[in-house]
Structure formats: C-alpha cells, structure tokens
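Peer 1: Before I ask anything, here is the structure I am working with.
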C-alpha cells in the first residue's frame, strides 16, 4: 500500500514539475494557450501513465440573463443612475428633500420615478424572457452513456467527460468531440445555421481509433484522455489531442475543428453519434460569442448631449443671477423680510455664504425643468417602436429567402439618414454568390461549360473522346472531381424537401459550404466526370467510359484565406498525387512547368469579364516524399501550441514544385437592382467604396456592371504593378495632380474619377512612418485623392484591411458618417468599425448578420433603408429633440421672469401638479406620435428623387443656428405669454362675481396659453395627418382641460391644502381670460408662421418645392391602396392625407 501511494505521489510531483517547467518555457510566447485534460467517461488513466488530476469544470447551464430575483433592483438602479441625466435629477430630488425648496419633491421625484420605472419594467421584461429561454434550454433532455447503458438527464446536469448519444435532427447540448457514428466511415453531417447561418451540410470526422465503437457497451469501454486548449470564442479553431490507452500504452491522435461538434449545431443525415463533452455551459463557443458589441452613438445623440450642456449652463446662469439679485434686493433693510415672515435667530446667525449656497440650490430646483428628463424616455420609445416599422416593411421582404429586415439595435435609426460613405463587399453582397460553371482552360485549350448539355447522359461520342483524351486533360478533370469538400446526397428528400429528382428517378446531388466547389463539380459532371461519393476513405468517380475509379484519400490540406488554396493527396493504382487548386496569385508562383502564359492570359481575360477564376495544378509524389509529408503533417497536427503556424509551414513545404493543368471560370451574377441601388446612392450624395478580396480585374468588371464606374470614369490606379514601376510617392503625387486638375473643365465634361487600390499598396499607404523624408504623409495624400473620386475599389483586401479603410475615413478631418454592408465573416470587422453596420442574409453564413446593427435580405433593400426610413427617422427625431428643448424653454422662462415680480422669493408660478405632468402627460404623446408617423414627403417621391437625401446631410437639422432659432423662439413665446398676461390684467381684472385674480390664477392662465401654444406649434409642423394625429393632439388638449377641472373642482382628501381649488373654473368664467388666451396664442405663433411663409416664398428648399407641387398635383398613386408598410399591424396609415393648414 505504501509503495502504491509513493508511486502516485512521485508521479504527481513529476507531472506537476513537468507542467511547471512547461509553463515557464512558454511564458512570453504570443500564441501559447493553456490546456485542459478531460477523462472520457470519468475514468482514471492506467497506472504508470499519468497522474489523475480531476479538474473542476462548470455545469452545462446556459445563463444569458443579466439579473436575478435578488439583484434586479440594486443592479438595475446602479445601471440607470450611471446615466448623467438620471443622476442629475436624482441629485435635484435629494436637494428638494434635504433643504427647504420652493417646489415639492414630488415635482422632480415623480417624473424621475416614471422614467426609472418604465425603463426597469422594460429591462425586467426582457430579462424575464431571457430567463424563460434559458430554462427551456437547460431543462431539455439529453442521453448519456453510463456503465454501458443510456440514461436520460437534463441538459444542465451534463458534465465535462460525459459520453453523449445524439440522434438525427437533434441539437448538440454542448461542445463535443466526435467518437463514433452510425456511418461506417466515421463521418457525420452537421448544419450550423444557428451559429453562423450556413444551412449547408458540413462533414465532421470521428477519431480514427474509436470510430468502430457503435454500441453503448463498446463506447463505454473506451479508455482515453483528451488534452485540448482552454475555451475560446473562435468557432473555426480548435487544437487538441486524444490519448487512447491500449494495453496500458497511450496512442496519441490529433484533434482539430473537424472533430469538434459545437453546441447549437444540428445532426443531419446521420442516424446517431457518440461524442464526449469537452466544453459545457458558459464555456461553450456559442456562449463565449454572446459578448455584446461596443456601443455606437448616433450624431443626433451627440447633438442632444451638446444641447444639454448648453441648457445646463443656462440653468446655472439663471440660478446665479437670481441668487445675486435676491441679495441685492434684500440689501435694503425695508425689503429684507416682511413682518409676517420674519427669520428666526438661528437663520440670522448663519453665514451669508451658506445662505447664498442654499438659495442657489433652491433656484436650481425651481428652474431644473429646463432640462427635459422625459425626452430620454420619449427618444427611447421612439427608437424602439420605430424599429418595428422597418421590420414590418413588406418592401424589405424577400420571398425567396422568406426573410424580413432585422433590427439588432434601434439606437441608430436616424443615423441611416446621415450616411456619407458606403463600404460594401462584392461577393454575396453586390453579386448573388450563386455560382455557375462557365468554362475551363486545359493546357491553353478552351472548353465551354456546356450549360445546355443534359445533366444525366453526358458521355460524348468516339470522335470527341479522341480529340480531348490527353493526359493533362484527364488529370485536370480528376483533380476537380477530387480536390474539394463536396458531399453527395443520394436520398430523395432532405429535411422534407425533394431533391435530385430526374424523370421520376432519385439521383444524387451535391451539397457544400462553398458554392464555388458545387459549381465546379457539377461542371465536371456535364463534361463527363461524375463524382459519386466518399466511402471508406475512398473517393469514387464515374468517368466517360462509365467506369468507376477509386482513389484513396490520404490527406486533405484545407483551404484558408491566407494561403487561398487547398490540396488533397490521393493514391490510385499505386501512384500518389497531390492535386491543388486556388487563386492564380497563390498557384502561379509555385509552378515549375506547364503552359503558364496561355493559361494566365485566359485567366486575365475571364477576370476582365467579371468571372471568378481558379487555377488547378498537381504534383506526383514518390513513397519517400509521401512519408516525409506524413511526418510533417503529423508533427504539426499533434502540436498543442502554434498548431496553425506549424501547419501553415508544413503546407508551404508540401505545396511546391507544381505542374500547371489549367484554370476554371465561374460566374457570380450581379444581384437584382444592385446597379440601380448604387446609382441612387450616388445621386443621394453618398460615396460608394467596394472592398473585396477578389483580384482587380474581376472586381473592376463587377464595378462597371453595377454602375459604380461609368464609361467616362477616369480610373486612377494605386496597385502593386504601378508601384513596381515607380515609387509609391510618385504614383500618389501623379494621382492627386490628375484628380485635382481643372475642376471647371471636369464639371463641364461630366468626367468623374474612380480609384483602384490593392491590399499591398494600402499596407504601404497605412504604414505609420516612411523612410523617405520627402514622401510626406501618405495617408493624407491618399485621403485627398479619395475626396476627389466618386467611387473607390479596394481589391485583394484582408478582413483587417477592410476595417482599417473604414476607420481611416471615419476618423478623417470631416468625420463623415460611414456605413458598411457585407454578408460574410470576413466583413464583420468593417461592419463593427463603421458607424452603421448592415448584414446581408446571404450564403456565406450569418456572422455578418449577427454582428450588424441591421440586416436585410438583399443589397437592393439598402435603397429604401437609407432613402426612405433613414430620411424619415432623421426628420422625426430632429423635430423631437428641438421641440422638447423649445417647449421646456417656453415652460420655465416665465418662471424666471416671475422672480423679478415676487422679490426673488423662489415662489413657483405654476402649481405642483402642472409642474409634474407638463412633460409626462400634457405634451408628451403628440410629439411621440409625430416622431413615429410623420411623412413630410411621400415615400414614393423619396425613392424616385434620391437627391432629397442631400437636404438632411451632415446633421443639417440639428446645427447650432437652428438650435438657437428654436431657443430664441421659445424665449419669445415665453415673454409673450408672461408679459401678455401681466399687462392685460395689470389694472383691474374681475370675474363675474367681482373677485380679483390671484397669483395662482395668473400662473394657470400662463400655463394654459403655454400648453395650447406648444401643441398648436406641433400641429403647424405636421404634414402627414391621420385620425391618430387628430385623436392625440386634440385629445391631449381635452385631457388638460378635463384634468384642470377635476383637479380644481373636487376637494381631494389626500391633500393637506388645495391652493388650486376652483381656480381653473374661475378663470374660464371670465370673458377677458378667454380673449387673452386666444390673443396670446396667436401672438406667440404668428412670427414662426410668418417666417415660414417668407422663407418658402423667397428661399424654398428642394423639399419645400416638392411639398408645394404635391399639393397642386396629386399623382394617381395617392389614390391607390396604401402599402403594407403604411398600414402596419394597427392600421396606422389607413387614413387620408390633408394639406397642412399652415
């Protein structure tokens, strides 16, 4: 017993020492990742192999919720009061509680409570939905193998090391390593639509030494451990190895992403699998990708914050002025304090600084309503509710995909109306990403794709066979039939949908994650070489002679975006071949023989035509070379550290000395109305940039087809070819001279400029320092060239370079608003970098959609998103912000003037109820509805005339002159209301019973004029009238009157005193009061109406001209039934349009 214990102690110490040494050795290595050890079935390793150290791992519970029942209130309050506005009103509320202030704490506390409560209810409801979703996932049943039997348990109880049984169409409960499947070859098919949106079937492989274990007893007998990296969020990267113990000896096998089944993926076309859990719960890759994106702020929000700072300064100035004037007023002993309100001895002994500070705080409380706390709630509601109008829009619905627009964040609705630069991907965004095989070039001989040939009987006649039966041609066709990751589906139905039916017979069809590969394999099928299946590590091909050829698949060198190629190593009749296909730029440098010039000429010709090209090459291998290849690959695959780097080095050594076979051409057609959309964006004043990884000729052809470039566009090139001939500095200088030369002539000849730059040149431009002191700042020169170009094409771009381009423009001197649109994972970086990111629901997965702010089915829908929705939302929220500040100036400035007539005694002008409900009830709903449904111009006109987008560009409606105008207008209206009421009733004002008006009647009169004035002002600005507008606008005025009658007409038992009792009725019983209300409202609104009439007559904008023409000429379309978007779910737009009565 002692010896056994000593043995394990020594083993543990040795293992710990090894781990310690390994850790010290790896310190400072950039790519070093810590590892974990997993014991399959929780079995201890055999004695003498390694120490059994049971690690603790989290359970399989998924927690996407933010709060719990116990921490909701404190955590939510903390988050809400982190907002400056909420914290400011909390301070005001506390000041009202602590010191004697002129207004009740209710006046600040109730609006703040309303804001906090509404926000808390919204966030609590959303979190409750997350809790509900979490529980449904955590409690779903899973099947686990224990002691040779399958037991059922809840998903949340799953542990790392458990062996799980998953059946067809079931979702994987956690991240799993595939041990065995129902298929003899140890493969299974998986869809990862919930992870990256790719609905295509992907192939995963079981561990070679365990794939034969197909029963519970056999799987339970597996004795193995897994060493792998710690959890990290990259869905496409995994490094590990499995140690399988046979006769107490460990056999190591590499594990990669092809063995890893991710949580959320679904098993397809495979009866069952056995797999071991390695990452559970919040450590799964799906959970690690839950992390939120950085918060984006719109230009309108920044303007709001600037305005708030200005109004805060005005508030402090008012408080300081009134505090100073109060003490000037009280400097006269006769005015110090009246005899009936004499100060106590304690108050007289207080220091004057303390008294002044208390008075300053009291004035701050009295005037604090100039800061509109309810504006934040209204803006949030407007954005949240407004986002549904985008999602409900039937014009942004694609019947083919069955998808609508998706709003991932509603904070940027108005930013859609401010875009100046559009950065778009090419493949899958401008094009359909639906590939069609066009032609192939073998040894310089052209072969058309034979698209019109029969897909089943494609065997050519004897003469044709003789004419094309060269060795290279045969190798070329076989290379394309073998060098791919295509799967063959032979069943008649997939997921209930029939496929592969020809003349009533069930035939095979191809599925792959890459549409290019399917197009090439189908093209070979039309030319007589049919790929049949992969079975028992052998790929089968049906040749022209209707003979089945079998090739043993030895190795697959997978495709990656850095190498831009893939290879396979196969064995046939004792001969070994490496077949390689990839981009021309990655294949040609590795060619040692073949008809390079002829093939390269055809590749360039096809690229100019806008076709996607691939080159195909091969290399015969000797058994010795193959053994060396196996040694390199196995060494790289078994590495836990720097595996990707070592694999890349191995691939680089293997994929050399190639013999060129030929090239292929595949067409990726332009999306419907893509050209019309780009043309509309140009007319709207936006500059469109195409950022793509494709070669220059292919991308340029697409740009011409999509009308990004026109025939009269003069192209400036900043490419590697140009910089090899001249220095980068000289090329940049020549481009900028050409772009800036003679702008008068340029405008007369209608010549515009386009720029083409590639990734290598961009890297040189973006380099922070230049060796040549005369070179200057390349970035600034590049930006100056871009400013003078109407369109820019960036080709051969890496994903990071796309983001660098967007950031370069975003942070330039003008700080333009940028929008990035793409459909693939390589577009995520630029989508996150841009002010607004839009994902296309294409065929390259849903990573772009998941990381975007908005998602649309097709590129053509971008036109309405920007020109209509963006235009409307910017107009609406601009009016909302300006109107809120205006009505609060109208509200609080009479209070400021009133202090000059009450001895600066901090006497409020309005009743507490009016102070509290002004922004909450009396004036909030009309502007909220306006900000949701206002249409100053018909949407059809906005789509037909994109130039109207220019009228609102560069935040034109929230500039300082317009803000000052609204503020001055509010001050004017406040002066008219206050002094109009003051002078009209300065002498004798009596009611019908002879009673004189008091101060509360005076304040109620001013408040009544105020409510009606600001509401009528909004009515004058409304162009799109519906029954809902009438109901809300006039209903809010009726509510004010009814509330005032009830508030002053009933003795409320919960009030200690009622200073407003019978005040409102008394005021309405006076004829002069009615006359003064009408006169003051008219006097307040008249200058704004006159100003609008004069400006429309003398200096009308394009929008105003169209509004006038719309009233004089009503097109037929206005009589047609409204679109579904106009109707919405509540018939919001089921109404008539009437001319604004202003």
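Even glycines carry a Cβ here, placed using N, Cα and C.
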Peer 1: Would you mind telling me which of 963-985, 1101-1123 TrEMBL tags as transmembrane segment?
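Peer 2: Result: 963-985 is the stretch TrEMBL calls transmembrane segment.
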Peer 1: Under TrEMBL, the annotation transmembrane segment belongs to which of these stretches: 879-904, 1061-1086?
Peer 2: 1061-1086
Peer 1: Quick one: pull the CA-CA distance for residue 559 (ATP binding site) versus residue 827 (Mg(2+) binding site), whole Å only.
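Peer 2: Between the Cα atoms of residue 559 (ATP binding site) and residue 827 (Mg(2+) binding site), the distance comes to 18 Å.
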Peer 1: Residue list, the transmembrane segment (1061-1086) vs rest of chain: Cβ under 8 Å, 6 or more residues beyond ends.
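Peer 2: Hits for the transmembrane segment (1061-1086): 972-973, 976-977, 980-981, 984-985, 989-992, 995, 997-998, 1000-1001, 1004-1005, 1008-1009, 1012-1013, 1016-1017, 1020, 1044-1045, 1047-1049, 1051.
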Peer 1: Which residues of the chain, 6 or more past the ends of the transmembrane segment (963-985), have a CB below 8 A from one of its CBs?
Peer 2: 303, 307, 310, 882-883, 885-894, 897-898, 901, 997, 1002, 1005-1006, 1009-1010, 1013-1014, 1072, 1076, 1079-1080, 1083-1084, 1087-1088
Peer 1: How long is the line from the C-alpha of residue 827 (Mg(2+) binding site) to the C-alpha of residue 425 (active site, 4-aspartylphosphate intermediate), rounded to the nearest angstrom?
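Peer 2: Cα-Cα, rounded: 7 Å.
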Peer 1: Measuring Cα to Cα, tell me the gap between residue 796 (ATP binding site) and residue 425 (active site, 4-aspartylphosphate intermediate) in whole angstrom.
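Peer 2: With the alpha carbons as reference points, the distance is 12 Å.
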Peer 1: Could you tell me how many residues in the domain 'P-type ATPase A' (141-211) are helical, how many are strand and how many are coil under DSSP?
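Peer 2: Going through the domain 'P-type ATPase A' (141-211) residue by residue, I get 7 helix, 39 strand, 25 coil.
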Peer 1: Go through the chain and flag residues at least 6 beyond the ends of the transmembrane segment (349-371) whose CB is under 8 A from any CB in it; none is fine as an answer.
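Peer 2: Residues 85, 88-89, 92, 95-96, 99-103, 107-108, 308, 311-312, 314-316, 318-320, 322-323, 326-327, 888-889, 891-892, 895-896, 906, 908, 915, 918-919.
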Peer 1: Given residue 425 (active site, 4-aspartylphosphate intermediate) and residue 826 (ATP binding site), what distance in Å do their CA atoms have, once rounded to a whole number?
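Peer 2: Cα-Cα distance, residue 425 (active site, 4-aspartylphosphate intermediate) to residue 826 (ATP binding site): 9 Å.
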Peer 1: Expressed to the nearest Å, what is the distance separating residue 612 (ATP binding site) and residue 823 (Mg(2+) binding site) at their Cα atoms?
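Peer 2: On Cα coordinates alone, these residues lie 18 Å apart.
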Peer 1: At an 8 Å Cβ cut-off, counting only pairs 6 or more apart in sequence, do the transmembrane segment (1031-1055) and the transmembrane segment (306-329) clear the bar of 3 or more pairs?
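Peer 2: Touching, no - the transmembrane segment (1031-1055) and the transmembrane segment (306-329) miss the threshold of 3 or more Cβ pairs under 8 Å.
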